Amino acid sequence: MGSSFGTLFRISTFGESHGGGVGVILEGCPPRLELDPLAIQAELDRRRPGQSKITTPRKEADQVEILSGVMDGLTLGTPIAMVVRNKDQRPQDYKEVEVAFRPSHADATYQAKYGIQARSGGGRASARETIGRVAAGAIARQMLQRSHGTDVVAWVKRIHDLEAQVDASTVTREAVDANIVRCPDAEMADRMIDRIEAIGQDGDSCGGVIECVVRRPPVGLGMPVFDKLEADLAKAVMSLPATKGFEIGSGFAGTLLRGSEHNDAFLPSDDGRLRTASNNSGGIQGGISNGEPIVIRVAFKPTATIRKEQQTINDRGEATTLAAKGRHDPCVLPRAVPMVEAMVNLVLADHLLRQQGQCSLW
């Protein structure tokens, strides 16, 4: 319950942060897709902990094992199972949270719902759950690149009150990965890194915004009413840990425009594809992709687990204080970039198969 996502291109993730491992079962991947396992590992390397001075110091290789569904480098069309073993757990760092709820963390709500919780490491609420999503998203990415040349690139747009202005039409993954904060604006990236370090040294945390662009998306993805493409994109990225907001296209800023200013005028094209003079719609109209770049933004809250002492209650409902130990990101955004890309790729792959199944018979 609650650990599966997708309709035809469907994933189910499993595992806890301090259990034996985490992983995913992917169903619905088309057969005979030439799969590059190094590309899967590369995405996990972008997500893994301990990669820089502004991420958690937990050391995990996050080496993926493909257990089924692939033979001689080709997908079989059968379920693809992948697992990553946990190696660097420290349950002793979580003694305090075994009896006191972390403010704004899932501890209290998991306990209220289930009457039990995996408090060491956060269990299913830990960002380690996203390993399976990133691995499956890497397969979706390869499928979309092969079929349509689709390119999904995300980057850190804002950290705290520092915001970068990035041209979504030209930004490259190489520019994003050129620094540890994953902001393609080098000058702003340096300021963001300094800000994260300063806040982390104070025992605190900060949030921000990730922006993501889909270039060369397939046309016609999405369905009317409840399965609109932007609705599924919102559900996908909002299921990631620490997310608190979603925008597409002009987003909330579009409310300041008049219809005559906001409408994307259609233009003639030589190839018969839809072209627009602007892209306030963010590449989706009526819930269906129009072929223009899809542009979304995702807000991430400050990391809930911090070293600063906070007011809370214990498991008996009594007032107490908590200064959390353990190894935690002072800011989740640098490692969340591949997570956002993965969820976008998964949604697009799923809707592509649904589009092919319904609308490509004749």
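Every residue, even glycine, has its Cβ placed from backbone N, Cα and C.
When secondary structure is read from DSSP and collapsed to three states, Arg47 (NADP(+) binding site) falls in the helix class. Taking all protein chains in view, 24 other C-beta atoms sit within 10 angstroms of the C-beta of Arg47 (NADP(+) binding site). Per Swiss-Prot, NADP(+) binding site is recorded for Arg47, and the stated evidence type is sequence analysis.
Residue environment of Lys301 (FMN binding site) contains 16 other Cβ atoms, counted within 10 Å of its Cβ in all protein chains. Look at Swiss-Prot and you will find Arg124, Ala125, Ser126, Gly286, Lys301, Pro302, Thr303, Ala304, Thr305, Arg327 tagged as FMN binding site.
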Site with most surrounding Cβ atoms, counting all protein chains shown within 10 Å, from the binding-site residues Thr303, Thr305: Thr303
Chain-internal residues, separated by at least six, CB under 8 A from Arg124 (FMN binding site): Ser3, Glu16, Tyr110, Ala118
Greatest inter-residue Cα distance in Å for the FMN-binding set Arg124, Ala125, Ser126, Gly286, Lys301, Pro302, Thr303, Ala304, Thr305, Arg327: 44
Arg47 (NADP(+) binding site) and Ser126 (FMN binding site), Cα-Cα, nearest whole angstrom: 13
Cα separation, Arg47 (NADP(+) binding site) to Thr303 (FMN binding site) (Å, whole number): 16
Other C-beta atoms that fall within 10 angstroms of the C-beta of Ser126 (FMN binding site): 20
Secondary structure of Arg124 (FMN binding site) (DSSP, helix/strand/coil): helix
